[in-house]
Amino acid sequence: MSGRYDHLDESSVRTRPSRKGNRPRTKDRPAHEDAVVGVVVGVDRGRYTTRIEDRTIVAMRARDLGRSRIVVGDRVAMVGDTSGEPDTLARIVRVEDRDTVLRRSADDSDTVERVIVANADQLVVVTALADPEPRERMVDRCLVAAYDAGLEPLLVLTKADLADPENFLRHYKALDVPSLVTRGAPDGQLEAGSVEAVRARLTGRTSVLVGHSGVGKSTLVNALVPEAHRAIGVVNAVTGRGRHTSTSAVALELPEGGWVVDTPGVRSFGLGHVDPASFIEHFEDLAPGTDGCPRGCSHDEPHCALDEWVAQGHAGPSGPARLESLRRLLRSRTGEDRG
Ligand SMILES: Nc1nc2c(ncn2[C@@H]2O[C@H](COP(=O)(O)OP(=O)(O)OP(=O)(O)O)[C@@H](O)[C@H]2O)c(=O)[nH]1
Ligand SMILES: [Zn+2]
């Protein structure tokens, strides 16, 4: 896995050398031996809401933590008042190394490359089968972001009561992306069985949900986490601030274990940081075919060695379709339609 996590640098939060010069890193400082480690579930203007088992602890950054961002999903070590009692505030003295980072590149609306969520292991792309119509390109872009971040993708196709998923799923067959459908029931709720199938897939994991407005993401989150509203209310009560003014991610705990991270502010991913050469490593069946490529090959150009390699059958009968899908994903990184 050479270099897969090289890009995690931003997360290695270290104290800067102090002005006095020789203070040890936070990590090594014995004074923080009593620190407790929680998971960041919400971030709102310098206040971090964290959870340790059943306690909700609000914390701020210790002054010597440096500038690195702390995001939802980060595991943070805290000192000070970690009782979780109302009006208490702990201090974050350390951010543990991240297993994964989901990021988006700078784009027109935001000129800074940002880590959106840390330590997730699954990216759930929520798309309606109708009303609004599914957008293949947007889904493709989410898949690129997922593969690039080392997250397993899952398609959740909502509103299956309005349209048949088969047509849409054809686009993802060669990619072998797991998918589930949810459907509305006559009583206006979601059909219970379809929600349970999603729940089974999410339990025990940290899943980031992304989806366009109106696809039914909130409906699904509320079905999965009955206290979702209340949980969000807790964040409010503690920070004393309105959740609706914030578009940052929020982690909700599933009743059976695991986390669902809702990302209200994330409608698309800038993908400028995704490099074709490393992206292809996620296609283990195709990657060996790039040995004969010209230097710096985009794998979507006339001299790309993959065409011949796949035509010779090296990637099996599904090779041509896989290559086509790979190229479609690579192309989705650029272009005007940001999905
Ligand atoms: N027919 C049908 N309608 C659904 C289903 N799921 C959600 N809806 C409806 O779709 C609309 C949008 O649902 P929301 O859950 O608010 O969608 P959202 O993705 O959270 O959208 P935002 O709140 O704008 O981010 C609502 O009117 C829901 O009642 C479904 O499975 N079938
Ligand atoms: Zn190539």
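Using the three backbone atoms N, Cα and C, a Cβ is placed for every residue, glycine included.
Feature annotation from TrEMBL assigns GTP binding site to Thr158, Lys159, Ala160, Asp161, Gly211, His212, Ser213, Gly214, Val215, Gly216, Lys217, Ser218, Thr219.
The DSSP secondary structure for Cys297 (Zn(2+) binding site) is coil. TrEMBL lists Cys293, Cys297, His299, Cys304 with the feature Zn(2+) binding site.
Under the heading compositional bias 'Basic and acidic residues', TrEMBL lists 1-13.
Per TrEMBL, the feature domain 'CP-type G' maps to 109-269.
Among the features that TrEMBL reports, domain 'EngC GTPase' is placed at 118-267. Across the domain 'EngC GTPase' (118-267), the prediction's mean pLDDT works out to 87.
Look at TrEMBL and you will find 1-32 tagged as region 'Disordered'.
When the binding-site residues Gly211, His299, Cys304 are checked against ligand 2, His299, Cys304 have a Cβ within less than 6 Å of one of its atoms. Contact annotation for binding-site residues (Thr158, Ala160, Thr219, His299) versus ligand 1: Thr158, Thr219, each with CB under 6 Å from a ligand atom.
The Cα atom of Ala160 (GTP binding site) lies nearest to that of His299, taking the binding-site residues Cys293, Cys297, His299, Cys304 as the candidates.
Neighbours of the Zn(2+) site: apart from Cys293, Cys297, His299, Cys304, residues of the same chain with C-beta atoms within 8 angstroms of the site's C-beta centroid are Pro276, Thr290, Pro294, Ser298, Asp300, Glu301, His303, Ala305, Leu306.
The separation of Gly211 (GTP binding site) from His299 (Zn(2+) binding site), Cα to Cα, is 29 Å.
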